[in-house]
Ligand code: NAD
Ligand code: MG
């Protein structure tokens with residue numbers, strides 16, 4: 001029985017992870033559940049799954065959760081620090097990082113130091129500090145199991161392979177604005193941006209998908225997960241989201257992983273790796289997709305993808321800068337404080353202006369994150 005902590009159990013990935021756990025009660029136990037502020041859902045999940053501990057990150061909601069679970073044996077904690085305490089409980093085997101943004105960094109590091117395997121959904125942690133996180137995982141002999149569908153695809157293609165990778169192709173759906181011009185994008189609203197053609201996800205990643213920043217973050221994530229040079233990572237637009245990504249080896253052979261778009265599969269694989277278990281997830285039918293198509297990404301229009309490549313080439317704390325700036329502009333776009341195209345403009349100015357650090361240590365990342373947020377807010 002694997003004991004799993006889910007950081008962000010009330011979100012899109014978190015709830016799907018609980019579906020996987022519920023379907024396999026003899027294999028998995030949800031031992032820790034955490035959420036930012038959705039008390040009602042966290043409490044109902046806790047009553048159903050009976051974890052050892054729940055954490056509500058928003059401290060003002062502590063009493064509410066505590067009272068709702070008063071008649072149970074479930075321990076309740078609150079606050080950011082409690083997330084780091086939650087991931088080190090002795091019985092835990094795996095920590096699923098299904099929370100959003102930079103907030104994932106501290107608990108991920110705490111979990112690795114406590115020698116817990118990481119099922120990594122929170123790509124922002126890898127973007128910000130992939131160098132430190134991968135080094136720490138190696139040092140502690142901890143597995144980082146990708147949950148992001150593209151990275152799970154690459155990971156699955158690499159099972160059994162010893163040979164070096166020539167390159168990888170991360171597939172991208174292109175999002176709701178594929179084919180649009182800059183003039184079109186100047187007009188789009190956050191409501192249109194939230195309508196993803198193939199995936200239902202949290203708000204932040206859905207906006208990132210519309211702006212292609214999600215693919216940019218995934219390029220950086222792939223660099224660290226698979227130890228690749230930037231030239232080895234390519235992006236190809238594949239609007240049907242059936243091929244989840246591709247590895248090309250040095251003999252020219254390509255392996256792809258495919259299936260219907262459903263995050264439960266990569267979540268479950270991260271929990272069962274290196275095994276696979278029976279599932280009732282819907283099966284792919286070829287005649288529903290008589291043609292799969294591919295296009296070049298339009299990086300002139302969707303500049304975020306080019307900016308992410310620039311950040312990766314520059315190295316140092318540049319990916320931390322791009323991540324922090326992006327978190328701020330996405331929140332501002334969702335509140336209609338800025339337009340869609342201004343997001344890239346502000347990110348680019350942050351990359352030009354926030355202090356560059358060539359060889360950052362952990363504290364530098366916290367400082368960079370803080371400085372970038374202040375500067376991005378000023379620009380907004
Ligand atoms: P979501 O917004 O649906 O859920 C986020 C969860 O994290 C919620 O439970 C929320 O309470 C919690 N949370 C948010 N901010 C927090 C904070 N500051 N501190 C503590 N908890 C916090 O998001 P999601 O779509 O499930 O995405 C989660 C992560 O997984 C993101 O990093 C995203 O990029 C990644 N991811 C998501 C998908 C997807 O299909 N949704 C696919 C690939 C990768
Ligand atoms: Mg993805």
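Cβ atoms here come from the backbone N, Cα and C positions, even for glycine.
Caution: TrEMBL annotation is automatic and unverified by curators.
Given the structure is predicted, the values throughout are model-derived calculations rather than measurements.
Taken verbatim from TrEMBL:
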DOMAIN    4-130  domain '1-deoxy-D-xylulose 5-phosphate reductoisomerase N-terminal'
BINDING   10, 11, 12, 13, 38, 122, 124, 202  NADPH binding site
BINDING   123, 149, 150, 173, 196, 209, 214, 215, 218  1-deoxy-D-xylulose 5-phosphate binding site
DOMAIN    144-226  domain '1-deoxy-D-xylulose 5-phosphate reductoisomerase C-terminal'
BINDING   148, 150, 218  Mn(2+) binding site
DOMAIN    258-373  domain 'DXP reductoisomerase C-terminal'
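Positions of the features from TrEMBL, shown on the structure.
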{"residue": "10", "record": "NADPH binding site", "Cβ within 10 Å": "23"}
{"residue": "11", "record": "NADPH binding site", "Cβ within 10 Å": "24"}
{"residue": "13", "record": "NADPH binding site", "Cβ within 10 Å": "28"}
{"residue": "38", "record": "NADPH binding site", "Cβ within 10 Å": "17"}
{"residue": "122", "record": "NADPH binding site", "Cβ within 10 Å": "28"}
{"residue": "123", "record": "1-deoxy-D-xylulose 5-phosphate binding site", "Cβ within 10 Å": "29"}
{"residue": "124", "record": "NADPH binding site", "Cβ within 10 Å": "29"}
{"residue": "150", "record": "1-deoxy-D-xylulose 5-phosphate binding site", "Cβ within 10 Å": "28"}
{"residue": "202", "record": "NADPH binding site", "Cβ within 10 Å": "16"}
{"residue": "214", "record": "1-deoxy-D-xylulose 5-phosphate binding site", "Cβ within 10 Å": "28"}
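Among the binding-site residues listed (13, 148, 150), 148, 150 have a CB atom closer than 6 Å to some atom of ligand 2, in sequence order.
Residue 148 (Mn(2+) binding site) falls within neither a helix nor a strand when secondary structure is assigned with DSSP, and so counts as coil. Cα-Cα distances to residue 148 (Mn(2+) binding site) place none of the binding-site residues 10, 11, 38, 124, 196, 202 within 10 Å. Each residue contributes its Cα atom, and for residue 214 (1-deoxy-D-xylulose 5-phosphate binding site) and residue 38 (NADPH binding site) those atoms are 25 Å apart. DSSP assigns residue 12 (NADPH binding site) to a helix in the three-state reduction. Distance from the CA of residue 123 (1-deoxy-D-xylulose 5-phosphate binding site) to the CA of residue 10 (NADPH binding site) is 18 Å. DSSP assignment over the domain 'DXP reductoisomerase C-terminal' (258-373) gives 67 helix, 2 strand, 47 coil.
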